[in-house]
Each structure stands twice: as C-alpha cells, then as structure tokens.
Amino acid sequence: MSAALVYALLGLGLAVLLSVARGSMRRLIYGGVFGIAIAFVAFPFVQSLGYLTRETVSPTLLGLLPRYPLLALVPVALVAAGALARRGGQMAALGGIVAGALTLFTGLFLIGQPAGLVRLIPLDGLMELLVALIPPLLLALLGRRRAKLRWPLIGAGVLLGGLVFFWLNSSGGGHLYLPKMAGYYRLLGGVEPGLERRIVEEYNAGLEERNAILREIGQPEEKPVQSLGDFKGRIPQETAAQGYRLLQPSQLQYGAFAVFILAGLMLGAGLVQLRRPQLQEPGDLRSGLILAALVGVLLPAFDATEFALQKLVKGWPFLVSFMDKAWPPNLTQINPSDPERSIFPLQSVLSEMALTIEIALVGTFLAAIFAVPTSFLAARNLTQGSPLMRGLFAFMRTFYNVDRGVDTLILALVFVAAVGLGPFAGVLAMAIHSIADLGKLYSEAIENVERGPIEALESTGTAGVNVLRWAILPQVLPLFVSYTLYRFEINFRVSVVLGLVGAGGIGYFIKGAMDGGNYDQMIIGVIAIVIVVNLIDFASSWLRSRLV
Amino acid sequence: MIEVRGVSQVFQTKNGPFQALKDVSIDIPKGDFVAIIGRSGAGKSTFLRTLNGLLIPTEGSIKVEGLEITRLSKRELQKYRRSVGFIFQQFNLVTRLSVLDNVLHGRLGYLPTWRGLLGLYTERDYQIARAQLEQVDLTPKESARVDSLSGGQMQRVAIARAMAQEPRLMLADEPAANLDPVLSEEVMRILKRFNEQLGMTVVINIHALDLALEYARRIIAFKKGELVFDGTAAELTDELVDEIYERREMAA
C-alpha cells in the first residue's frame, strides 16, 4: 500500500517538476492514458500462487476484471480522459484529474483486498491470434503507399495470418514447439462460496493418509488447518491442479509500478493544467504515444533483466575487498629460495598485449584483403549491368548480412573447438566476421562516389575496368583505408574479449588471473587495456583525419 | 559531319514518361562552332549526351562522319567516344589525382585495357598530355593535386583532358556556368582558338546568351525538346529570344 502511494507521489512530483519548465501537460495526460491502457492489458499487476513456484500466475488488471468488476472503471475513465484531452484546455485537465484519481483509487482498492482464492480462466487461442495478426498488419503497412498492390497484399496477409493461426493452434505445430503459448493469457474469476471450507475439510480428511507416509519416511507430520491462512501463502497441490490460485493483491508487480506512477503523473499534469490551460501543444497526441511506447518497452525489459539496485548494495563489500586485493598491482614477485617459482605479471601483460594487438592486425588485414574485391560486387551501382552481376550482388549482400549477424565471439567459440585454443582461432574468427563489416562499409563508399568522373571517363572511351580503376578507386581508396583503421580500433577491443573464450591475448591473461583470485595481477592487465585502447583510438583518429 | 535525323528521347520518370527531345533533325558541318541555347530542361544536355552516345535516343538516327552511332556495340561505342571530347559543367575531374594524371585519362581510350589498368601510358601519350597542358597554361601545375586548383584551373584541366583525346568533335555542356565572367570568357576563347586553328567542330550548351552571340558561328535553340531556331547570331532577334526563353509569359 505504501509503495503504491510512493509511486503515485513520484508521478505527481514528476508532473509538477516538468511544469516548471513550461512543458506541455496534455502530452503527459495522453501518455498516461495510453501507458495505463498498455499496462491494463499487458503488464502483470499482482501475483497469485499455486502449490509450485512455476504455477505462479501474475495477472494483468484485465485478467482480474472477472474477479473485481470494479476495475472496469479504469478503461472507462481512460477513454473519457482521452476524449477530453482532444478538446484541450481545462477540459483536458479535468479529464486527467478524474481519470488519474479514479485509476489511483481503483488500484489502491484492489491492492487493499485480502488474499483469496481465484479460479483460472485460460483464454485459449488469444496469443495465437495476436501472433497471427502480425503478417496481415505488416503487409497492410507495406501496401499503404502502393495503391495498386494494397488489396492483394492485404489478402495475402490475411491468408498468411490464417495459416499461422491454424499452425499455432494445431497440436503437431505451434503447441508442440511452443507449449507455453496455449492458454498463456489467463483471466482470474471468482470462486463458488464454501470452496475454502471444502478445501480445508478435504485437506484435513486426507491428513491421516499423508501422515502415515510421512511417518514411514521419517519426516515431520502435518497438522490440521483451520483456514487458508494456515497454508502460509500456498494452496494444496490438488487445489492448484484443479485450476485454483491464491490471489495476493498486496504482492505488487511491475504493472502496478507503471499504473500508479502514470496515474500520479496524469493527476499532477491535470492539476497543473487546470491552473495553466495553455500548457499544451499541437503534437501532444504523438508525444503521448511515444511516452507510452517507451514505458511499454522499457518496463518489461527492466523486469526481465531482474534490475535491482539492492543487489549492488548487498554486493558492495565484495567490490571493496576486490579493490583492496587488487591494489597495489603485483608487478613482479621474486621467490628467493626457489627462483624457478618467481612470477612476472607485468612481463606477461606486455607479451599478451603485444599478442592482442597482433591478433587485431592480422584479423583486420585478412578481412580487408577479402573485403576489397567482394565489396565491388556488393555495390549496387556497379552491378546493374547483367543478370549475372545482379545475382552476384544479391549473393554478396546475403553473405554480408549473414556474416554480420554471427559475432566474432561466437565464431571464436566454433574455431577454438575446431583448431584448438590459441590466437589462431581468434584471428580466423575476427577475419571472417570483419569481412562483412568492412565489405558493407566499402560497398557503401563505392555507392556514394561522385558520378561525374565516371561519366567523364566513359565519355573518353575508356573501358569498364579502367573506369573502375581511374574514376572510382581514387575516390574510394582513402575511405577504404579510413574504414580499415576504424575497424582495427574495434578489432583491438574485440580481441581483448576474445581471450576470455580461450583465443589468446590479454583477455586470456585476465581470465586466468581472475579465476585464480590474483586480482593484483589482473589489475595490471586492465590498466594496460585502458592505456592501449586510448592510444590506438587517438592514433587511428589522427591518421583518419589526415586521410579524408 | 553530323547528321541528326528524327531523334526523340523519352525518359521513364516517377511521374510517367517525359519526352526530352521531340523529332530533332539537324546537320552540323565540319569545323562549325555551334551554341545551343534554351531554358533549363529544354533538352540541351540530353541532345549533347546523345551526340557522344552517353544516351542512346529512343528513336531516330545520328550519323557522325558516316558512322551510325545509335547502333554501336559497346566496344565500337568506346572507340567512337575516344574521338569525341566532352567538357562538363562540373569539370568531373578525379580530384584526388594529379593534373597530369587527369589529362592522361584522355588517352585511356587508346591504350590496351591491361596497360590502362597499370597506368602504363606510352611516351607519345605523355607528350600529348604535356602539350595540351601547355596549351591551357598549366605546365607548372602538372604534379599538383586537382583539389588544390581553382575553378578556372580545373576547367582548363578538363579541357586539356578532352583535347588529349585528339578529338574530331568537341562537345561542351555549360563549360562556363560555374566560373566567373572573366574565366568564362577565357574558356570560350580557348575553345574558339581550337576551332579556328585546328578546324575542330565544337558544339556547346550555354546559358549566357552574350557569350553565345559573341563566340558561336551558329546558334540553335531548344524549347521543350523541340528545335525552334537555327541560324546565325545576327538572325536571332530579341523577339525570338523572348520566345525561346518564354519571357513574355513571365512578364504578363
């Protein structure tokens, strides 16, 4: 309850803060309307438990609607606020205040409810339908600008969507590969009266039998229960299997965060705009949609990445002790009694750093060697002559796109398996991945050459290859060199990481030191990387600025 | 020297087909100095580009010294083009290369492809290129990079490149439009000199009417793709000029 109020106050304060800068308030109201609408249908609001952890269902507000019909007030208020916001001025302000307050109170009412049993109502086919809607929508979007193709495209989209829907719903298709999809979206309904007593009685009736088994295996026996509260937030296995859950309205999920903060924002924006109705702009609807889209994308992402600063607070002592152990760096350690067992970390760092630079040099060089000729085939303006050239163009572009998708690190893992640990695997991986990146940059440089010199050389009767040699190459060569240098910069940083997967270099040293707990050796590597990265960036950008 | 018969050129654009040239027929004898005038988009540039095969007309025939150039193979077209110089409004030089390199490009059409690739020009090619540089007073700049030159010097390099082709016909597309009046006069004088001393045929697109009247022996005018005037400077009355540039409608 208090958390919800803090969220709401946060939103309110944010609105007031933004009003200081004379920003439009109406866009905040719009943002609140759309954001809460998204949260209402898509964000988990609270949670409901079963017997096992994986039986936990986190319902959205829409999912809770059958259990608490009062929640219907929220969408009604949102629609009203949206409509009033269109009219602007104090009407918009009133809409924001009323909808914000209503959402706030409905939400607070909900989370103030006691825990109770609910029944799951899976919506079969809903997720399947949503996925199946993607192809028709995409194709309709594609056909928007093409009057002639519009209807065939939409027709094809509907057909495709239908096929997708059919496939997803079939037991041999979608439900085989995506088993979670079936009935993923669930509503929570009320339960028949007397269910709680029945569950308690059934549990107590079966107690004798279960305790007999528990005695047999030497486990503590279970005691009879008086009410659901005695289960301590869980429900018996059989009840959960029958599709019942224990709804805990006080366990807030990120949807509650979104709803309360946005409701506070709407309320605050409405209050400000009531006093200053001129705080609105023509593009508010658009800005509101963007705000809502940001909320709609970012919040689930934060939740999925388990973003929690508390963990950092908890882990702080580790960081402190790490720094304690890492400083001062252990540059060398002579063992007087047994010189054979002396270690020289600084020496290792320097050797490994040299190796790292050498991996980047060889990888970039090999990539450039292959990218130069292929980039000419991947340049649109040079390959429109014959069907063969167009085919080569399509092939090269496809190769580049696939290759760009497979990162150096992944390639390195594969090559380490194939050619063994060591820098050779790293060089291969780097060369192959960089071909695509360099080739794409090169071919774009070729596509952007000035047409004039080409036309001039053609008009002197020069043969095609010589036009390439004398009109295009002089124009693109400095760019090629510049891109290659830039790629070398990137490749150096990549080759630092390559060591972590066993492909040699400074990363390998750091991983070894880290695994052995020798933080005072590892820190030398880190410092060396910082210095060399900056040196290389500086040198390369200086060189590049002289080239172009 | 040039016989143009019923030439039409249609471009397919986003807003449907655009007819850049409509049924153009004209004869240009050897040694003539022709200036083409007309408003922007009247078809002047298109006409010039069809004369050296950078564009192939949709209809009609063009004979240059008896050679039908609208139906040449790629190889034959390259051979034809090396005998036709072309000077561009934007100079179209390879700015990162030296002045001499750019002039030598005029000789590439005469070299076997492999020698061209390696830049193995013959001694004669160098002589011709240096001689042409001297003609346009740029001998001291021979090894300078083109992007260090002024606009007037660049256009002179472009002229030297075209002259290095030892052309029978010189085409120039607004050669003076990017230059100040003094340099424009200079470019026109150079072309006039080549025309008079070497008997080289010159066809030139030009905006500046005064330059056209002063230097050209013959003036032709395009209006919306059609040839609307063909005569000497003296025959071009003010009324005709107004008609060509559609000035009356603007004044009204």
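Placement of Cβ uses the backbone N, Cα and C atoms for every residue, glycine included.
Taking Cβ pairs closer than 8 Å, the transmembrane segment (A:6-21) reaches residues 28, 104, 256-257, 260-269, 271-272, 276, 279 in its own chain, all 6 or more past its ends. The transmembrane segment annotation in TrEMBL covers A:6-21 (among others).
Annotation comment: TrEMBL describes A:28-46 (among others) as transmembrane segment. Sequence-remote contacts of a segment are chain residues at least 6 beyond its ends whose Cβ falls under 8 Å from one of its Cβ atoms, and for the transmembrane segment (A:28-46) they are 15, 18, 58-62, 64, 74-75, 78, 81-82, 85, 92-93, 95-96, 99-100, 103, 110-111, 247-256, 258-259, 262-263, 265-266, 268-270, 273, 284-285, 287-293, 295-296, 299-300.
Same-chain residues lying 6+ beyond the ends of the transmembrane segment (A:66-85) with a Cβ under 8 Å from its Cβ atoms: 26, 29-30, 32-33, 36-37, 40, 91-92, 94-96, 98-100, 102-103, 106-107, 109-110, 113, 118, 121, 187-190, 247, 266, 284-285. Sequence annotations record features per position, and here TrEMBL assigns transmembrane segment to A:66-85 (among others).
Beyond its flanks by at least six residues, the transmembrane segment (A:92-111) meets 1, 4-5, 8, 25-26, 28-29, 32-33, 36, 45-46, 61, 64, 68, 70-71, 73-74, 77-78, 80-86, 249-250, 252, 256, 259-260, 262-274, 277, 280 of its own chain at Cβ-Cβ distances under 8 Å. Taken from TrEMBL, the feature transmembrane segment applies to A:92-111 (among others).
Long-range neighbours of the transmembrane segment (A:117-142) within the same chain, counting only residues 6 or more positions beyond its ends whose Cβ lies under 8 Å from a Cβ of the stretch, are 48, 57, 66-67, 150, 153-154, 156-158, 160-162, 164-165, 168-169, 174, 181-191, 195-196, 199, 228, 235, 239, 243-247. The transmembrane segment annotation in TrEMBL covers A:117-142 (among others).
Residues or ranges marked as transmembrane segment by TrEMBL: A:149-168 (among others).
The annotation transmembrane segment is assigned in TrEMBL to A:252-272 (among others). With a cut-off of 8 Å between Cβ atoms, the residues of this chain six or more beyond the transmembrane segment (A:252-272) that come close are 3-5, 7-16, 18-19, 25-26, 28-29, 31-33, 35-36, 38-40, 42-47, 58, 60-61, 81, 92-101, 103-104, 107, 111, 279, 295, 299-300, 302-303.
The annotation transmembrane segment is assigned in TrEMBL to A:284-302 (among others).
What TrEMBL lists as domain 'ABC transmembrane type-1' is A:353-540.
Outside the transmembrane segment (A:359-379) by six or more residues, the chain places 389, 392-393, 395-397, 399-400, 423, 426-427, 429-435, 437-440, 442-443, 446-447, 468, 480, 484, 487-488, 491-492, 494-495, 498, 503-505 with a CB less than 8 A from a CB of the stretch. Summarising the annotation, TrEMBL assigns transmembrane segment to A:359-379 (among others).
Taken from TrEMBL, the feature transmembrane segment covers A:467-485 (among others). Long-range contacts of the transmembrane segment (A:467-485) within its own chain (CB-CB distance under 8 A, at least 6 residues past either end) are made by residues 364, 368, 372, 376, 382, 438, 441-442, 445-446, 449-450, 453-454, 456-458, 540, 543-544, 547-548.
The transmembrane segment annotation in TrEMBL covers A:492-510 (among others).
For A:522-543 (among others), the entry in TrEMBL reads transmembrane segment. Counting same-chain residues at least six beyond the ends of the transmembrane segment (A:522-543), those with a Cβ under 8 angstroms from any Cβ of the stretch are 326-327, 329-331, 345-346, 349-350, 352-353, 357, 485-486, 488-489, 492-493, 496, 506, 509-510, 513-514.
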